[in-house]
Every structure is written in C-alpha cells, then in structure tokens.
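K.L.:
What follows is a structure written as structure tokens; I'll ask about it next.
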Amino acid sequence: MEPAGLCGFCPAGEALPARYTCPRCNAPYCSLRCYRAHGACAEDFYRDQVLRELRGRSASPSRLAGALRRLREQREAEDEPEEAGLGPGARPGGLSGLWERLTPAEKAAFERLLSRGEAGRLLPPWRPWWWGRGTGPRLLEELDHAANRDLAEPEPAPARTALQSGDDAAAAEPFAEDSCAARPLALPARIPALASLSRSPASPLVRFQLPNVLFAYAHTLALYHGGDDDALLSDFCATLLDVSGALGAQQVFGSTEEALQAAAHVLEAGEHPPGPLGTRGAMQEVARILLGEGPVNQKGYTLTALGHLAQTLGRARKQAVIGGERDRLYRARKKCQFLLAWTNENEAALTPLALDCARAHRAHAVTAEEMATLTGELERLWGGPVPPTPRTLIEELPG
C-alpha cells in the first residue's frame, strides 16, 4: 500500500501523489528530488542505524542493511520504477523484509563491511578534542626532520614551530576540516602526588608506558567516534585494553619503539580494525598529545587524556557484571591514575617521548613506501597482482 495523500515537499499547487514515506518521520514524498529536499531527516535516520550496528545488537545488520537497501531502491525507482519494483502500489516490506531480499553476495559484502570496521565510514568524520584548542592540529616540523637523522646522533630539545607540509602533512590529517568537533575536555580537578601512590621510586621504564597507552587511546577514540555513547562503553574499553598492553596486561616496555610496536602489532595482526587513523596515524596523534599546547603547558593534553581514560574506565567498571572484567578495568584505571601523577611531576620527559614517536612514525612511513615500491615492481614484472604460473622447465616423457 502506497502512502495516502500528496507529497509534502512539492512546490505549492504542484503537489504530486506521494509514493514513498520518510523512514524517520513518515513524511510522504513523491520522488528522489523531493527526498533530497528532505535529506537531513533521512541522513539522521541512517546515522542512527549505523550507531545501532556498532553497538553489536543481533538485529542491527538487518536494520542498517535495510536502510541502505531502501535508499538504493528508491533512487533506482526514480529512473526505472518498473524494474526496481517500486512503482505506484509497491512499497518495501519493512527493514527486516529488505534484509531477506538481499542476495547472498550482497549480504556477504555487507557483513565484510562490518567485520572490517568500515561501517564507521558512513558516519561524519570525527575531530579529536586535542585539535580544538590553540592553533589546531600541530606536529613539530623539527620532530619530523629529526626522525630522518642518524638515531645515534644526540638530539637537542626541539623548538615548537609550525605544522608539517607536503605529503606527510596530508597523510597526518585523517580528519576532514568540516568534521564533527569533539567536545572539549577539562583537566582532572585533582591529581594526587606520586609519593602518595607508591612508597618506592617510580621505575625509569614508566615513561615508556605513556606512548602505548596514548596510542590505544587515540585509536579507540577515532574508531568509536569519540566514545561518548554509553551503549558502546563496554566495547570501547575492551578495544582500549586489548590494544594497550600496558593497561590490559600490565605489560612493561624498554623503549618507546617497543611500546608503539606492541600496540601496532595488535592492529596489524587483524585482532581489531585499523580504524580511521591506522598505525601511522595513531603514532602521529600520540606525538601531538605529548607535545600539548606548547612549552607553557606541554603536559596539559597528556593529563587530560589520562584523566579522561580513568573516568571512562571507572564508568565501565560500574556497568560491568563479570568479576574478571571488573578487576581488569580496576587495574587499568589505577594504572591511568599512576601515569597521571607521574606525568604531572615529569613534564620534561614528554618532549623526548614525542621525538621517539616522530621517529617511529617516519620509520613506519619509509617502510610503507619501500613496500609499495617493491610491490609495484613485482606487479610490473608479473604483469599483474599475482605471480604467473611456473613453467615446467624439464618434463619427463613417458617410457
């Protein structure tokens, strides 16, 4: 049964009979042109479907697939109403019905989209909160230049200047300028003294846990679009603790490179989707957080990130019902509180850590470029993306 009445979006005096209904507000409309005039409401509907899918509900694949399928069929109906089966008198049979109408290949393609973590691409780009202060996203040009020097050469403390330029800057900007700005976060109201948390002096290896924790923090925030949805809180923290060995497994690292590679290995092994940042982008965001707003308050971003982590882990622990999960969240929260106190009293250690992150970022970029060059050369020799079938050089003739 088609919608009753006239289209609500045609010009006055020219309204045509309504053929479709908005999936969000049930407003009647007659064509693709009028649907586009009502696009904001429909876009909100599809965004809600994506968020429901990311929550992992069992029925959500049908909701999102149905929404996308409906949009496709309505567009086809505008040009080929008879072939698409959406002419007057025919309407989709509901979201669950549309999922059943997908072919096996279409269902498999949609499930691959979800399993690879690419459904988030349907959401508006998200902008990190640490880009919303001062002059915006910034990474020291000196840090990137220092990453190209001999690593055995002593490094002076770099001065804070401008953004990167050229291809590296473009690669370092995974978030669009018109992306959704994250809400600003405040510094923790109270930071305990380090001596009150531990009777013995902190290990010199404590500093290397920061890059590992911040890598997981930046990656998880981008993957979960800011992590503000309470329905995704458990998944958010599970990803965070899996990527950060320092938080999830109380792992100790002997260098910044080791700490970053431990987190990167989780993503490269396919245990979690790479998200909008990927390995290289997450390394770059760690350096940005460690650099802070500038020399006057360099530790501000790191303190804010650790405070945000401690608060988020505390909220997740209140929701957790399994004892083992609650204990794991408790230990991770205590680790964040310890790192918070350590950072507050060791601001001078942040610049060397940021320099190490820039080196790791540059090394990862060089490796990726070399692999791309090698792959291109092999494909040129092979004449395609796969090697040719080996030819038989010596064949034994039948006796």
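Even glycines carry a Cβ here, placed using N, Cα and C.
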K.L.:
Quick check on the annotations: Swiss-Prot lists region 'Disordered' for one of 104-127, 128-151, 152-175. Which range is it?
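P.N.:
Region 'Disordered', as annotated by Swiss-Prot, spans 152-175.
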K.L.:
Suppose you had to name the range Swiss-Prot annotates as zinc finger; which of 7-41, 182-216 would you pick?
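P.N.:
Per Swiss-Prot, the stretch marked zinc finger is 7-41.
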K.L.:
Which secondary structure state does DSSP assign to Cys34 (Zn(2+) 1 binding site), in the simple three-class scheme?
P.N.:
helix
K.L.:
If you count Cβ atoms within 10 Å of each one, which of the binding-site residues Cys10, Cys22, Cys34 comes out on top?
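P.N.:
Per the Cβ count, the most surrounded site is Cys34.
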K.L.:
Going by DSSP, is Cys7 (Zn(2+) 1 binding site) part of a helix, a strand, or coil?
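P.N.:
For Cys7 (Zn(2+) 1 binding site) - judged by DSSP and reduced to three states - the answer is coil.
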K.L.:
When you tally the Cβ atoms that lie within 10 Å of each candidate's Cβ, which of the binding-site residues (Cys25, Cys30) has the highest tally?
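P.N.:
When each Cβ's neighbours within 10 Å are tallied, Cys30 tops the list.
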K.L.:
Using a Cβ-Cβ cut-off under 8 angstroms and a sequence gap of six or more, which residues of the chain neighbour Cys41 (Zn(2+) 2 binding site)?
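P.N.:
Looking at Cβ-Cβ distances below 8 Å from Cys41 (Zn(2+) 2 binding site), excluding near sequence neighbours, one finds Cys22, Arg24, Cys25, Ala27.
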K.L.:
Taking the Cα atoms as reference points, how far is Cys10 (Zn(2+) 1 binding site) from His38 (Zn(2+) 2 binding site) in Å?
P.N.:
11
K.L.:
Measuring CB to CB from Cys7 (Zn(2+) 1 binding site), give everything in the same chain under 8 Å that is also at least six residues away in sequence.
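P.N.:
Correct list: Ala15, Leu16, Pro17, Ala18, Pro28, Tyr29, Cys30, Ser31, Cys34.
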